[in-house]
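Reading through the structure tokens given below for one structure.
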Amino acid sequence: MKLLVTGGAGYVGSVAAAVLLEHGHDVTIIDNFSTGNREAVPADARLIEGDVNDVVEEVLSEGGFEGVVHFAARSLVGESVEKPNEYWHDNVVTALTLLDAMRAHGVNNLVFSSTAATYGEPDVVPITEDMPTQPTNAYGATKLSIDYAITSYAAAFGLAATSLRYFNVAGAYGNIGENREVETHLIPLVLQVATGHREKTFMFGDDWPTPDGTAVRDYIHILDLAKAHVLALESNEAGKHRIFNLGSGDGYSVKQVVEMCREVTGHPIPAEVAPRRAGDPATLIASSEKAKQELGWTPEHTDLRTIVEDAWAFTSALGDRSHAAKKKA
């Protein structure tokens with residue numbers, strides 16, 4: 001298929017683009033590089049630099065596109081609380097612009113990068129797709145709003161669509177991994193201590209109702225996540241909007257992640273306990289049974305050591321090319 005991938009220079013988007021290319025698809029990427037990395041763009045992909053709102057109409061007007069994978073979005077939870085106006089514009093307005101351009105040019109196949117943040121603070125785990133959606137921040141709220149929009153476009157206009165709600169994406173695929181200027185994810189933050197770009201890491205709360213007192217999360221390997229996008233694109237049905245949770249189904253605590261990073265890197269990695277962060281749930285674990293049954297998707301890299309080893313191979317190879325190193329310099 002001839003595909004458009006928005007945000008294809010980002011962490012998840014670039015790996016998904018690479019995997020789509022490996023499966024024989026023709027990939028065009030739109031990215032404005034507000035957070036993406038040029039080095040992450042697959043060599044065989046066509047790149048168009050620009051904002052989706054500004055260029056998507058012209059790109060799709062070329063004709064021949066058979067599907068879209070939409071990653072382009074703001075995705076920092078804390079920032080979304082401080083700047084909700086920017087999130088509502090950059091996430092929701094952009095998605096609506098894309099949906100209307102797709103409709104205008106007869107592109108009827110969509111996979112949308114949604115998030116577990118749509119669920120907010122769940123009362124029970126594992127989280128299934130039929131649980132209440134109660135986002136606690138603008139990031140989750142904007143993604144949920146886009147999910148609603150996609151549902152209505154599917155019903156009214158016959159759009160074939162899938163929303164994939166990611167849990168904690170981690171790991172690396174070859175020379176593509178997490179290398180953001182503003183890092184918020186646990187594993188890359190901890191590994192930056194091992195590379196000397198940070199003095200220590202923080203554990204936000206050690207009094208959670210979990211086995212070791214630290215928060216528990218479900219980590220999904222980036223390659224497993226990318227493969228789910230391929231399966232979704234190749235099985236979408238007109239007039240239907242499917243929603244799937246994507247996680248490993250296993251939970252690891254912050255302490256377990258820090259200790260695994262110590263084992264893999266051979267670095268002591270000082271970890272300091274800090275106060276809990278408002279809005280953080282004690283435990284977030286996905287049920288991906290629906291994706292396994294309906295998509296035929298099964299995560300293959302669920303072991304925490306494998307995820308950390310892949311992330312460390314990428315992080316340690318970055319050296320002074322990392323955002324952390326550039327900022328320090």
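Any Cβ shown, glycine's included, is placed from N, Cα and C.
Among T115, T298, T302, the residue that Swiss-Prot places alongside Y139, N168, H185, L186, F202, M203, F204, R217, R277, A278, G279, D280 at the substrate binding site is T115. DSSP assigns Y11 (NAD(+) binding site) to a helix. Cβ neighbours within 10 Å of N168 (substrate binding site), excluding its own Cβ and spanning all shown chains: 21. In this view, N32 (NAD(+) binding site) is surrounded by 18 other Cβ atoms within 10 Å of its Cβ, with every protein chain counted. Distance from the CA of F167 (NAD(+) binding site) to the CA of M203 (substrate binding site) is 19 Å. When every Cα pair among T115, Y139, N168, H185, L186, F202, M203, F204, R217, R277, A278, G279, D280 is compared, the largest distance found for this substrate site is 24 Å. Take the binding-site residues A73, M203: by the count of other Cβ atoms within 10 Å of each Cβ, the lowest one is M203. Note: the Cα of A73 (NAD(+) binding site) and the Cα of N168 (substrate binding site) are spaced 17 Å from each other.
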